[in-house]
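Quick look at what TrEMBL annotates:
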TRANSMEM  37-58  transmembrane segment
TRANSMEM  67-84  transmembrane segment
TRANSMEM  90-113  transmembrane segment
TRANSMEM  125-148  transmembrane segment
TRANSMEM  154-176  transmembrane segment
TRANSMEM  188-208  transmembrane segment
TRANSMEM  228-249  transmembrane segment
TRANSMEM  261-281  transmembrane segment
TRANSMEM  287-310  transmembrane segment
TRANSMEM  322-345  transmembrane segment
TRANSMEM  351-373  transmembrane segment
Amino acid sequence: MTSASRRLHLAYAGMGATASSVPAVLPAAQSQLGEGVLAAAPLLFLGLLAGVCVSALLPPSIEVTRVVLAGTALQTAGLGLAAFSWSPTLFIAAAGLAGVGFGLTESGIGVVAKMTAEQSAARALTGLTTTVALAACLCPLALGAMMLAAPGSIVPLLLPAAINALAAVALLRLRVPVRAGAPVRRAGLSLTAPLVALAAAIAVYVGVESVISGWSSAIPFELLHIDSSFAVLGTSIFWALMAGGRACAAGMLRAGSTPRFTLTAGSTLAAVALMMAAVTADQTPAVALGGLAVAVVAMAPTYGIVLGTALDRTDDRAAPRVSAAIIACGAGGGALLPLGLLAVGQQPGSALTFATLAGACVAVVALVLVGSATSIPRSRRQRHG
């Protein structure tokens, strides 16, 4: 592993810690600060979208590594502020600030990974997003252990803040010759159509992931009627499954599998498993949860592969804005699909919810097949083979 790769893995670990830590401490924050803190979760994701949008508007003079560094610093500040919040309003604002930092980091770090990758961005991002899942799985467990020593305290949020602070220090010495707001050349239809398809695939996939991750505690609580204190383990289990799925995909890619085949096989398996969950949800909920677990593992590498495939087909100077646009599409999909299911009155563990997710996985496969149909430009073919 190169020095640049180690620094990126640390930054991705910080992102995973941020994504899971705020939802993990909400019960403690609620008991300490009041009911209003529940708005912190959506504010975190609204901040993410805002950070992505801001990154797309930055001037060409700003290096993309500076954008990633600023995002990591904002995550540190937001989490640190949340740890010492004395009111729901301050806690919610702190979560939003961490979200803005997350969005800035996410919009630029994929480009940095593309520029430092020894092979394709799709392969590099599959490994890096495994680190996100591992950190997101382990951070709630560490926070829970710390809160056992100080019940009801949210000061343990200093742990994910410290991880991001370490990442910020590591990123200070990372340099990549790409500007954040580099001009984008007008692309022909042969390039634009696949990118649109890949952006749509990201939006649909993030919608699926948001439904399962957002309701990762509610689904077992509803299907198995277990105590809510045990149901919260669903979040850590979800991220553990994501980490396992991404690690398996990274191994497949190292063994010679192509990103396209890895994603197609995984998403197809996820669709089949989700249909099984839909069929068995009412009569045998344990089997439905098993199918859901298989689907999570199978679909886990989708985000890194799709974003990496898009970046592999993008001019280096256009990559920052393309990355920001695609990630913004993902954030939009992550909000719309869960809201759509709630709007039609579906419960987290309903058969229609699982069937909808299965159909979405099929749509992801179709969109990725369209998006990866064109070859990589000759100037980058050797590097990304």
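Placed from the backbone N, Cα and C atoms, the Cβ positions cover glycine too.
When Cβ distances are compared across the two stretches, the transmembrane segment (322-345) makes contact with the transmembrane segment (37-58), since 3 or more pairs at least 6 residues apart fall below 8 angstroms.
Of the candidate ranges 37-58, 90-113, 125-148, 261-281, 287-310, 261-281 contributes the most Cβ pairs within a distance under 8 Å of the transmembrane segment (351-373).
Touching of the transmembrane segment (90-113) and the transmembrane segment (188-208) is ruled out by the presence of fewer than three CB pairs under 8 A, sequence neighbours closer than 6 excluded. Simply put, out of 125-148, 154-176, 188-208, 287-310, 154-176 has the most Cβ pairs sitting under 8 Å from the transmembrane segment (67-84). Count of Cβ pairs under 8 Å against the transmembrane segment (188-208): among 154-176, 261-281, 287-310, the largest is for 287-310.
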